[in-house]
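Asker: Features from TrEMBL:
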type	residues	note
TRANSMEM	B:230-251	transmembrane segment
DOMAIN	B:232-356	domain 'ABC3 transporter permease C-terminal'
TRANSMEM	B:272-300	transmembrane segment
TRANSMEM	B:329-350	transmembrane segment
TRANSMEM	B:371-393	transmembrane segment
TRANSMEM	B:399-425	transmembrane segment
TRANSMEM	B:446-466	transmembrane segment
DOMAIN	B:451-611	domain 'MacB-like periplasmic core'
TRANSMEM	B:668-694	transmembrane segment
DOMAIN	B:675-793	domain 'ABC3 transporter permease C-terminal'
TRANSMEM	B:723-746	transmembrane segment
TRANSMEM	B:766-785	transmembrane segment
Amino acid sequence: MNDRFCACLFALMLMLPSAALPQGFAGLGTEAEGFALPDPDYRLRFPEDHGPHPAFRIEWWYVTANLTGPDGSDYGIQWTLFRSALKPGEAEGWASPQIWMGHAAATTTEAHYSAERLARGGIGQAGVTAQPFDAWIDDWRMRGQDFDTLRLRAASDDFAYDLSLQAQGPLVLHGRDGHSVKSADGQASHYYSQPAYAVTGTLSLPDGETQVTGTAWLDREWSSQPLSPDQTGWDWFSLGFEDGTRLMAFRLRGGRGDFTSGTWIEANGRATALPDGAIRLQPLERTGPPNRRIPTTWSLVLPERDLDLRIEAMNPDAWMETSFLYWEGPVRISGSHSGKGYLEMTGYGEDDEG
Amino acid sequence: MIGAACLALWSHWRRHKLQLATLLAGLALATGLWSAVQAINGEARASYDRAAAQLGAGQWPELRPRAGADIPLETYVSLRRTGWRLAPVLEGNLRLAGRSVTVMGVGLLTHPALPAVEAAEGGDGLAPVEVLTPPGRLFADPGLAARLEGNTDLPPVLPSDAVPPGTLLTDIAVAERLLDRPGTLSRLLILEPPPPGLPPLSELAPDLDRVAARGSGDIARLTDSFHLNLTAFGLLSFAVGMFIVHGTVGLSFEQRRGMIRSLRAMGLPLGLLARLMLAELALLALLGGGAGLILGYAVAGALLPDVASSLRGLYGAPVEGTLSLRPGWVLSGLGMALAGTGLASARALWRVAHLPLLAAPGMRAWGGSAAAMRAMVAAGVALILAGALATWLPGGLLGGFLLLGGVLTGAALLLPPLLSVILAMGARMARGPLAQWVWADMRAQLPGLSLALMALLLALAANIGVGTMVSSFRLTFTGWLDQRLASELYVAARDDAQGARMATWLGDRADAVLPSRSVERRHNGAPIFVYGIVDDPTYRDNWPLIAESPGVWDALARGEAVLINEQMARRDDLWPGDTVSVLPDWPLRVAGVYSDYGNPTAQAITALPALLERVPNLPNQRFGIRIAPDQVDDLARDLRADFDLPPGALVDQAALKAQSMAVFDKTFLVTGALNVLTLGVAAFAMLTSLLTLWTQRLPQVAPLWAMGLTRARLARLELLRSLALAALTALAALPLGLVLAWALLAVVNVEAFGWRLPMFLFPLDWLRLFALALLAAGLAALWPARRLSRLPPAGLLKVFSNER
């Protein structure tokens with residue numbers, strides 16, 4: 001299967017309207033074609049909602065972690081399992097309309113490694129069960145007796161990690177009870193996180209194996225029509241501050257102006273939704289070659305919490321060389337607060353293969 | 001000087017236009033047949049490569065099931081989940097639109113890029129949902145796509161030039177449904193070497209074997225023998241054509257001796273003269289070779305559709321019936337023409353270079369000394385022995401062809417000494433001066449004619465050998481068809497449900513209903529079809545067993561034994577008494593081996609109840625029906641009416657036999673065509689040799705005329721001599737041809753196709769060929785004889801004034 005085919009499939013997962021992609025897909029950004037739609041009155045139920053929702057078009061289990069080695073070096077890792085439904089529902093065997101994609105990455109200040117796995121649903125090569133929790137694609141796996149204690153593994157040609165995750169607080173529901181609005185037109189998703197895992201484990205890189213510790217953030221999101229037609233990409237931040245508070249913030253870039261949203265999370269896990277316009281995000285510096293010029297230094301201001309941050313990519317070259325090109329990497333925070341976090345940016349670079 | 005020399009050399013061809021035409025024709029024939037064969041082979045190989053590229057065959061190492069089994073889907077999933085990067089493939093055959101179609105199902109998401117799918121995504125913007133979810137899509141070459149149009153049982157078919165003929169490329173989900181093999185896979189491509197630290201494959205999947213990437217794949221290997229066969233024919237034709245070149249070039253040099261002497265006497269350096277003559281030959285070779293290429297292209301174009309259908313029929317090899325021009329082919333054709341001309345003229349050139357300035361034309365133009373004869377005998381015997389040795393030493397198909405080559409060339413070398421001995425004996429028995437002269441003159445003529453006679457010998461032997469093989473095969477095949485197609489009527493149901501209804505329906509009306517139910521598996525890395533049969537006298541009385549153990553049918557009926565086809569028996573060296581597992585964990589005793597012509601794959605037969613225990617969902621759609629011959633038509637009519645059967649679903653025995661014979665005859669059409677062409681070329685070689693000898697003959701004939709023999713009588717004697725030589729050669733060709741036939745039947749066929757055929761003799765064919773040889777020789781001699789009978793006496797008298 002060629003890259004473009006995959007790109008078609010997963011443009012959607014990354015919430016990108018496929019302006020650069022063939023016509024057949026352009027319409028999918030707005031129409032749900034029999035898929036279930038996020039319901040503002042739906043109340044999330046656990047552990048059921050840790051499992052897949054095949055009636056919705058897209059869904060993901062998204063882990064990022066800021067890690068530190070024994071010598072104080074900073075690392076970042078990503079582990080993502082995407083589900084994309086070609087049609088609503090599930091079927092046995094190869095006839096299943098579900099497609100799974102795994103992305104894994106490891107980032108140092110000097111290097112960035114990424115890998116991808118693809119699988120068809122229905123045959124057992126990839127999937128998720130809610131209780132006991134198990135999410136896997138090929139030999140990559142995240143599982144535990146419940147959602148609070150997880151073991152996370154991925155391996156590729158040039159990197160591997162095997163990490164233990166222990167939740168330090170409650171689940172956080174974004175938006176209104178986990179119904180997170182994505183545009184002024186009302187596009188939305190179901191969205192919750194576990195933002196506070198303590199992590200220990202090993203990270204293997206080409207120059208050897210390192211013991212690491214740190215924190216991880218797990219995002220769960222599913223939807224069917226996530227973006228407005230004019231929205232071309234997004235910038236998404238998950239930030240952890242030294243005082244134990246956390247911030248999730250995103251900006252959807254659109255022709256009719258940006259749409260921002262976020263969640264302020266106190267150290268005890270209490271969450272406050274931040275409406276459109278509460279957060280001001282401003283790129284400060286763009287780096288990279290012409291076809292991959294991307295903001296790697298940001299200003300984030302949240303006046304209601306006296307937040308004025310400078311956010312800098314730990315490694316500006318954290319491009320994910322996967323079926324669909326995007327940027328995902330660890331960041332350092334300075335300014336009114338300091339800390340670490342993760343940044344994802346989509347809709348910037350041009351794929352080398354056009 | 002150079003200009004004058006060129007003019008002088010050219011003047012010869014201007015005066016001997018026929019000779020020029022003969023030379024060019026010889027070159028064109030030789031190059032033409034050779035390059036026709038090359039074009040056919042090249043086209044077929046290009047088709048295989050194209051098919052391999054289109055399906056990505058052989059580019060990756062693979063995991064294949066060890067013992068005749070499919071790979072369970074669970075094995076694939078568990079290997080992926082341990083870290084193996086694999087792409088699954090499910091393959092099988094399906095009968096669609098009256099012919100067998102290969103279905104290749106791939107996991108479109110993980111499979112390496114396939115040109116057909118890429119093009120569809122690019123051009124029409126084919127969406128993943130269309131390809132990956134039911135009903136899915138089929139990719140087929142435009143021809144197949146057109147034939148499948150309107151078939152409502154199939155997913156939409158997308159025509160694509162990037163799919164090999166006769167193949168349906170599709171997603172594995174569709175393939176699984178079409179082939180009715182849910183949850184199974186045929187092989188797994190290894191996309192990346194497994195990560196280090198994994199348990200060994202023997203632990204993870206003990207039933208899988210790792211197979212290295214192997215380039216263009218099975219088809220090329222499978223068809224090698226077929227192409228080697230064609231190449232051998234091409235080479236034979238080329239050799240025979242080169243005899244013509246040799247004859248005409250020799251003649252032209254003989255005739256130009258005087259001119260050469262004059263040119264050299266006038267001061268033209270020998271080196272320059274030799275270079276000029278070489279350039280002249282090269283020019284002629286290019287001209288003749290060029291004409292040969294045009295001829296070859298036409299011949300190849302005419303033969304290719306039949307070759308393509310032969311290859312499809314024999315091996316399922318995807319060959320298109322159209323020819324395209326390749327630069328490599330043009331160059332190699334011209335190269336062969338140049339090299340062949342050089343070789344054929346080497347002796348003539350050497351003689352020019354060593355011609356004493358004032359030497360008289362030789363009485364015996366071509367050397368034929370006793371020493372040369374002895375050398376030929378030694379070389380001939382050595383070649384035959386080497387050929388015989390080759391059947392053991394390299395063995396295999398190559399050994400078979402070396403045997404053929406050694407025996408043919410060795411025998412050809414032995415021919416002149418043999419004829420010489422016979423002629424000497426004849427001379428001793430001759431009474432009267434004229435008879436003695438005729439015998440002696442024949443002997444004197446022999447060296448000049450020997451090459452032409454060798455060509456005739458080879459052509460005749462090839463004709464006898466190949467003819468015997470084809471006729472033996474045909475006879476065996478006809479007998480085998482009678483045994484194999486014992487049922488009076490064959491019917492195919494639309495699906496299993498209809499099949500079951502049909503079996504019940506037939507139960508009351510037919511003498512016996514013989515279901516044909518089979519499953520395709522893999523055995524030793526190759527496909528095998530396992531059939532289950534019911535115990536019925538039809539099989540016991542008719543089945544063509546070539547080897548069996550006592551009580552074969554009883555053991556088979558009890559489900560304790562298996563019958564295998566000859567191909568499988570020879571390939572895996574399995575014979576009655578051996579044990580084989582045609583399905584995993586089901587060892588069965590081989591009770592018999594049956595002949596199974598025209599089938600490239602392994603086949604096994606076992607008791608249906610026993611097979612159903614292991615493979616419960618065998619398709620049940622094809623039946624043989626035993627019924628009194630006079631009721632066939634009625635039953636067929638009722639069947640059609642009650643089950644609403646399409647025309648192709650019901651075939652009676654006679655029609656099936658006719659179809660099978662048609663396929664058979666088509667397979668050997670090319671062989672027959674090449675046979676006739678070779679014989680034609682040999683006759684032509686004889687004519688040119690006789691013409692060559694013509695001028696040298698005059699001084700020998702003139703004294704006899706002067707002594708009182710009439711020109712007419714001399715001409716008759718000339719004709720008689722040619723016929724006698726041709727007859728002797730044809731007699732010698734008979735045993736040679738039979739040896740050739742034996743080698744083809746017992747060595748080459750076994751290696752190439754996996755079956756050995758009994759040899760039948762066809763004396764009538766030999767008589768016909770003998771007459772044909774005499775006719776060819778007679779026609780070739782007629783012209784020189786006519787010239788002799790009409791030669792003005794002055795011409796004969798001149799011999800005495802000029803030459804003596």
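Even glycines carry a Cβ here, placed using N, Cα and C.
Unlike curated entries, TrEMBL annotations are predicted automatically.
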Asker: Of the stretches B:272-300, B:371-393, B:446-466, B:766-785, which racks up the most C-beta pairs under 8 Å with the transmembrane segment (B:399-425)?
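Answerer: Ranking B:272-300, B:371-393, B:446-466, B:766-785 by Cβ pairs under 8 Å to the transmembrane segment (B:399-425) puts B:371-393 first.
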Asker: Where else in the chain does the transmembrane segment (B:371-393) make close Cβ contacts, counting only residues six or more beyond its ends and a cut-off under 8 Å?
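Answerer: For the transmembrane segment (B:371-393), the nonlocal Cβ contacts are 399-400, 402-407, 409-414, 416-417, 420, 747.
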Asker: Give the residue counts of the domain 'ABC3 transporter permease C-terminal' (B:675-793) per reduced DSSP state, in the order helix, strand, coil.
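Answerer: Each residue of the domain 'ABC3 transporter permease C-terminal' (B:675-793) counted once, the result is 104 helix, 0 strand, 15 coil.
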Asker: Tell me the residue counts in helix, strand and coil for the domain 'ABC3 transporter permease C-terminal' (B:232-356), as DSSP assigns them.
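Answerer: Per-class counts: 106 helix, 0 strand, 19 coil.
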Asker: Pop the mean pLDDT for the domain 'ABC3 transporter permease C-terminal' (B:675-793) in here, whole number is fine.
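Answerer: Across the domain 'ABC3 transporter permease C-terminal' (B:675-793), the average pLDDT comes out at 80.
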